[in-house]
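Peer 1: There's a structure below that I have some questions on.
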Amino acid sequence: MAPRYTPDQLEAYLQRIGYANSAGGTGLARLQQLHQSIQENALAALAELQRRHLGSIPWGNSAIHYSQHHSISTHQSAVFEKLVVRRLDGYCMENTNLFYVVLLSLGYQVYPSAGRVSSAAADPKNAGPDARYGSLGHMVIIVTVEDKKYMVDVGFGNNVPTRPLPLEENTTAVNIAPTDMRLVKEALPEAVDKSQKFWIYQVRFDPESSWAPLYAFSEVEFLPQDFAVLNFATNKLPSSWFTQRVVTVRHILDAAEGDIEGLSLYRLRPTITCRYLFKYLPFSSPAFPASRAMSTSIQAKLDTLRNYSACDVSDALLKLQKPTPGSAPRAGHLADFTPFSPTIGRNTITPKIIAPASTIKFIPKSSSPPESTPEPNTFPAGKHWVDCTEPGTIVLIEQPAGQHCAVVGGIMAVRMKSLGIQGVVVNGRIRDLSEIHAANLPVWAKGTSTVGTGAEAKAGLRNVKIDVGGVDVEPGDIIFCDPLEGVVAIPRDLLDQVLETMPKLIAMDDKVKEAVEQGSSVQDAFKKFRG
């Protein structure tokens, strides 16, 4: 199933791009007003969304250079969290991906395709017959409105098309005056079969200039897994343009917010691709912090945690926690959990899920909670346990050992998603994987079953300490679900110390790796830098 955003997410996106800021005056919510606009004029509504997106969400690659993980995720949840919630920049496979899922969720007939960037995009002197195209590494979307196809792009930096372009040859439109843009259909100069024609996006920087081809694309639909592969090369290969420099671009709307009049461009090295009037801070880069500074708010601390891996967290906990005599240090690691949703198995595509824990303890079907259990730790009579789960948390569920039934299924996943649960970690079994995937709720578990909960188990207690394979987890502890490395629980009273310790440990390890690369033995490097 193609990805979708929820109505609440769409409202958050519309707020992010400043859509219908006066909606309160009309008596309509932003999303309701947008649906009405789409009904009246879908193309005009599309153009306004594109314009406001470009004027609000920066295009850039700062995460490749300034995050601890130096990587990009194209999963729709990751790009929403990054661009809408955290209000950061993103490059084409983030910005255009976000816009694609938004349009799809709004009911537009839309699909994504991939493009090849021309050598003229880096230097217009490479335009003309000498222009050459790189490997697939760009994302555009094709939108059909009233049986007419348009190319839409919100992820091509300073030369991005600023309005929908019809898939028609030589139809010229204004980009940012005096720059014009158009599409032509031609064979690629490197291609053997010249009968294969591609759409070429071209610009000319003023009426006297020649047309410069910036990228080529086809009308073939590409799938999310295709972009995951393209994204890996674009943000990891040393030869990639994005790994060699830092750049961010945000377009500037005019006073009436009815058109784009310029852009702000931040870069580490000068370029000559921009020929029109715009606001430019030469030789400037965004003011990124030299270190990941602590913040006083819990959400800011959780945002800071996203820059690290689960291994970084465990390394810090290993330093901070003292195991009881005779026991092995666990460093918060919740062992042997597998991600089952939104993707099955360890991966680098889905985003990290980090949130405070709320806990549910299942008991055997034939038993009852202790009579002395305080009321806040029990479930109200006549109320299902899932209706008591707490929004904004990761629900950590303990199932009695040795049971073969599932304690979470499709209906539970749909309900928890609607309540705003961030994710679920089940120390036991789950079922209905197709329904869980459709709910788009992050779920980790020890295993699966085809048998429903009622066969063996029932919910017994909530918001109590639970034991997960030797690791005690209290409600309010921070659960860190890393789709590649695993799950870690951070005691809430150690969160600040973990955030203070991780940069120091990483700095030491960086020195160790540098020494080893220069020929030092691991033992000597450890002794010198780790002590």
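Placement of Cβ uses the backbone N, Cα and C atoms for every residue, glycine included.
Straight out of TrEMBL:
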- GLY409, GLY410, ILE411, MET412, ARG431: substrate binding site (BINDING)
- ASP432: Mg(2+) binding site (BINDING)
Peer 1: Max CA to CA distance in Å over the substrate-binding set GLY409, GLY410, ILE411, MET412, ARG431?
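Peer 2: Overall maximum Cα spacing for these binding residues reaches 10 Å.
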Peer 1: DSSP on GLY409 (substrate binding site), three-state: which is it?
Peer 2: coil
Peer 1: To the nearest whole angstrom, what is the C-alpha distance linking ILE411 (substrate binding site) and ASP432 (Mg(2+) binding site)?
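Peer 2: Cα-Cα distance, ILE411 (substrate binding site) to ASP432 (Mg(2+) binding site): 9 Å.
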Peer 1: Rounded to a whole number, how many Å is the Cα of GLY409 (substrate binding site) away from the Cα of the residue listed as 'Mg(2+) binding site'?
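Peer 2: It is 5 Å, counting Cα to Cα.
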Peer 1: Which residues, sitting 6 or more apart from MET412 (substrate binding site) on the same chain, put a CB under 8 Å from its CB?
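Peer 2: Expected: VAL386.
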Peer 1: For the residue listed as 'Mg(2+) binding site', which residues of its chain lie six or more apart in sequence with Cβ-Cβ distance below 8 Å?
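Peer 2: In sequence order, the residues whose Cβ lies under 8 Å from that of the residue listed as 'Mg(2+) binding site' (at least 6 apart) are ALA406, GLY409, GLY410, ILE411, ALA413.
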Peer 1: Starting from the substrate site formed by GLY409, GLY410, ILE411, MET412, ARG431, give every other residue of that chain whose CB sits within 8 Å of the mean position of their CB atoms, in sequence order.
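Peer 2: Sorted by sequence, the hits are ALA406, VAL408, ALA413, VAL414, ILE430, ASP432, GLU435, ILE436.
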Peer 1: Using the structure shown, find which entry in GLY409, GLY410, ILE411 (the binding-site residues) has the sparsest Cβ neighbourhood within 10 Å.
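Peer 2: Least crowded of the binding-site residues GLY409, GLY410, ILE411, by Cβ count within 10 Å, is ILE411.
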Peer 1: What is the total of other Cβ atoms whose distance to the Cβ of ARG431 (substrate binding site) is within 10 Å?
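Peer 2: By my count, 20.
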